[in-house]
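Okay, structure first, notes after.
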């Protein structure tokens, strides 16, 4: 396996691995420890470790004798625990020793204000090809980058200098290079040791063993180990100065540095602690280190600080750990039978509880109960007293067994674990990252002295899980699961091993693994198997089956080994009871395996033996001299095997039937018969029986669920607002469920119906996909599919989409229906539709419809506001501008009140203009009341009416004239009104009487001629009849001798001067002239009623009010203009046409009275009969 090369220092911040499973058994489950462990094994073994919280209330008393307990803890230097940190420290020790032997003291150089990692520099340079290669290819900048230095700071040159000065000499020494210079042909070892003889005194002359010269004595070094001498400049590399301390020559240096390293292990503390004194020390250390009370330090902070400390060289923190304290010496933390701790009656059940760690290894279901020896740590619990940062390194349990740890009290214990299937991967990663440690200690991981950061292991693909074990909780490790951890503070824990039946095959694999590592065994696996087989008659069936399989493999291997030994010449044999010998006396001298079934000995060394695997490693003697020592003959082993097989055969037959029926390719039969057979024969609970029961329960449950699906009852469990049921199956789950039903080794009658249901669902999905592919399908089709999908009682993703699309379709249709009925599409309706549409999910059709609706709302709001402004504008808007606006409004299909009011106002304005035109150009003189009504009506129309100003002025003039006439012709307290006078005088004029007996002339005022003429002049100027023409005529004729006709004629003549044809029409440009072509003929005067008389009385009392009050317009609207024809036909109707004589009289005649048509009167001159006669006479 290839691992990525680390090019950057890993970050110091520790990232906690994922949590391991935590189980909380019920009281029923808790009553059977191995049953519960077997139940959770399929889950927990995937993480290697798990945590178990006992049911509430399970709190065993602490039974350990605190006063009697004392122990000597281990000393742990944290930066020596971590594998890579220890490699660095070992390297620095070697470098320091190397330079110390040469008389120099190693000083760690600093680069960029931090200590240079000499190990990393040495390792990286070696990976790049060595010092010469790096210098040749100029890779020092690349080296600095790999060491984590920022580029561009010229660090490479400094690194080269430090390497050349400190590490390069050590590199040359390591690769076996010469540390001294030699001249070719002059080997230094053959140079004579020159001596100078002076008299009787022999003086030894020191010469350099390299160059052979004795000169430059001040540069000549003498080895403090062997007294050899060398020049400083002859060494490689040359020494610039003579070392001040002791100096060793290259030969001595090689001898000292070549000594093997002492195996790493924990030292024992010099002090013996009691539990109380250790606790005081532990609490003091933690509170001082974190500067806060121990119970306030977060576990996360302690965890990150621990991994920081174990990975740093600069900080040296030392802690102590009271580990592997034998419970048999000081008592267990759990109460035991006949122990010194006395329990109360309420606590008796803790003594016999299966979770009591003194009982668990020897339960009937435990394999270890068949081992006769008391093995501390495996059958007898060990005690652990921890303090902050005290740790247990990566390891697996002996013989790959289970372990269980209970924390009695104290602060938490943090665990890390890897599953059993990743054990070899973890070992490979650690050997890859720290090969130097495993070279000297191949079984390093079995020494419990090495730890490695879980983050680093996870980076290389090893699955790691963690947990915090609190007081009162169990942690279980599974076979071959590596685990490690540390203590958060002062605590007390207890641990023991146990083995279940499923462990048997792993136990035999572990023995073979130990043999390959030359590691001793804690117990003999073969001895345990034979002890169990000797009790075949009383064996549990499950255990009997497991022993049968394991014993079969053991016998096959033993037979092959004995046959191999016989072929090699080992013919001597003898029976030996190895179980009576201590384990250390029956260990193979090669692999250290504990022998039991057989061993080989030689007379040359009777105390030594080897297993049959290492027969040729015993001694140099011939194999014929060897003796085969055996416990059982193959025949006896075969008999033991048959006994076990006989116990397990019935179960095997039953198990064989079950296994055959559980295979999918077999015919599916009813499994209940097998279950009944197992119950009759009282087979114990085992994996196969549990599996069979689980399958039957699963089949029954599946059948019940299938029936519920078919009945549609599952949806009644939870259904609100048309939503899905709480426990509805998805389509994939239903498909998988049907497949599971097919795979079950029994027939489920509901399967075909479920298959048909699945077919309906698939058809529904296909139709849904087709319908949803449309831009916006109809709501009825969508509703049908929604109803169909809801009835299927399956979680269908399409249903949610269909419901969304249904809401969208209903909204779009509502908008369309509202658009088809503009009369009901108000602004509020549009806003309500928009609010409803805002909550809908996004869709192209919805967005288009929403955009059109918002655009329509914007336009409508704009025109509503504009119409309101136009209706309330001051000055008022013209009719043309309003009509132009209405042309645009008519294109908006919506109900707009202001626009409708605007339209009504325009219609009323048009009608008013038509009435005004009819009144002006209708062929008759307009009546004052009609003008007043027209003016009043115009005030309620919010439109600028151009004739209105002229009409208002005219009405004001007429009102003023009426008031003036009343003052002129009526006495102050006269009981008559102008209307009564006018009616009476009109009758007198028709009879041509000079005096009208219908009225008392004394009641009339006698105006002056001048005043009467002024009134008459004003009357003709306004051309409005006020019923006083006759009255004025009679009065003036009465009071004066002046001819009234002459006056009128002159007035008319004067008033007609600016008009060319005043008799036929009134020019619109002259507001003071009325058109006479269409003067309306008044109706006959009706007899007056009592109500009219009361009105006259009131007018008599208040004549001024009567003259100006427009409410009395019923009779005043009559026009009593006199036709000049001798025989007037008195025509009646809405319109009476008049014609004026173009002769000298200028009199007016009804057209019908003189036989003139309207066309003739318009286009031709008319001359009356009198004027024609006068003209003929002349």
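Cβ coordinates come from backbone N, Cα and C, glycine included.
Per TrEMBL, the features are as follows:
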- 689-716: coiled coil (COILED)
- 1066-1078: compositional bias 'Basic and acidic residues' (COMPBIAS)
- 1079-1088: compositional bias 'Basic residues' (COMPBIAS)
- 1089-1100: compositional bias 'Basic and acidic residues' (COMPBIAS)
- 1101-1111: compositional bias 'Low complexity' (COMPBIAS)
- 20-61: domain 'JmjN' (DOMAIN)
- 85-175: domain 'ARID' (DOMAIN)
- 205-255: domain 'PHD-type' (DOMAIN)
- 349-515: domain 'JmjC' (DOMAIN)
- 1120-1174: domain 'PHD-type' (DOMAIN)
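In this chain, the domain 'JmjC' (349-515) lies close to the domain 'JmjN' (20-61): three or more C-beta pairs between them fall below 8 angstroms, excluding pairs fewer than 6 positions apart. Mean pLDDT, taken over the domain 'JmjC' (349-515), works out to 88 on the 0 to 100 scale.
Here the domain 'JmjN' (20-61) is broken down by DSSP into helix, strand and coil counts: 16 helix, 6 strand, 20 coil. Sorting the domain 'PHD-type' (1120-1174) by DSSP state (H, G, I as helix; E, B as strand; all else coil) yields 16 helix, 6 strand, 33 coil.
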